[in-house]
Amino acid sequence: MRPDRPEFRPDPALSRAEMEELQRDIAEAAVFTDDLDFDPDDVSLDGPADADASGNERLVASDAPVIVGVDQAFLDGRAVSAVVAIQDGAVIERAHAVSPLSIPYIPGLLAFREGGPILAAFEELSAEPDLAVFDGSGRIHFREAGIATHVGVILDLPSIGVAKSLLCGEPREAVDDRPAGWSTPIEAGPNVEAPDGTVIGHAYQSRQWDRSQSINPLYVSPGHRVSAATTVKLVDALCAGYKLPEPTRLADAYADEVKAGYE
DNA sequence: GCGACAG
DNA sequence: ATCTTGTCGC
């Protein structure tokens, strides 16, 4: 897949002030409303719905959306970036890239460390994705430009961010011990460069134990061309009984697999 | 100065 | 993120 807006590439050599300024440009170019080329209701992890009288799937290309999960593994000073594409829940392609890392992890500037390596993996992908699921935040970011938003804008690809912990913003309600399916808005507060109260994402409880131990919720947010409400709906449809959505789990496993071959 | 901070 | 054994529970 080719970068649509190469001028937004996250250059690790930029100064901190330049990085932050680029993020404000990314946020301005980002679309936080639904502009998808598919119906969110068509997202499913089950096989094609239509089959002939004998129950066999039709021998034609599916028109179901192609969704990619993006994740990374690390070794020494390198990143193993993995992109796994699925359609109707089945893997149709896997692509990866191994790239040197030039800067350390800095909260708020993750895209400048991992964005380039991720774009390299996308260039190895031949499938044409309809949606990308990133491990990290999208709009839930100090300047509304987390890695899901940054990469989504560069590729002009609808994207969402799925983070395991909250970077910034304020949950409207306490998030502890919630049942599966529950969600609450994450609103912009003093740390976010957006009008106070702006809904920048949601805490979403994708899984929960029946008793005893409790699982923390996921923090999901729009990357590009997806609304906050649809983001929750998509993540819900992409989860299969585990805390993390399937695209993310598959990408995580593939990244580990590739990494294992390098050591 | 102090606290908070995706992966 | 990564380094890592055991352990609780269905």
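Each residue, glycine too, has its Cβ placed from N, Cα and C.
Please treat TrEMBL annotations as automatic predictions, because they have not gone through curation.
As recorded in TrEMBL:
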- A:1-20: region 'Disordered' (REGION)
- A:1-10: compositional bias 'Basic and acidic residues' (COMPBIAS)
- A:Asp71, A:Asp135: Mg(2+) binding site (BINDING)
- A:Tyr105: site 'Interaction with target DNA' (SITE)
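The most crowded of the binding-site residues listed here (A:Asp71, A:Asp135) is A:Asp71, judged by how many other CB atoms sit within 10 Å of its own CB. Secondary structure at A:Asp135 (Mg(2+) binding site), taken from DSSP and collapsed to helix, strand or coil, is strand. Cα to Cα, A:Tyr105 (site 'Interaction with target DNA') and A:Asp135 (Mg(2+) binding site) are separated by 14 Å.
Per-class residue totals from DSSP over the region 'Disordered' (A:1-20), listed helix then strand then coil: 8 helix, 0 strand, 12 coil. In the shown protein chains, 11 other C-beta atoms lie within 10 A of the C-beta of A:Tyr105 (site 'Interaction with target DNA').
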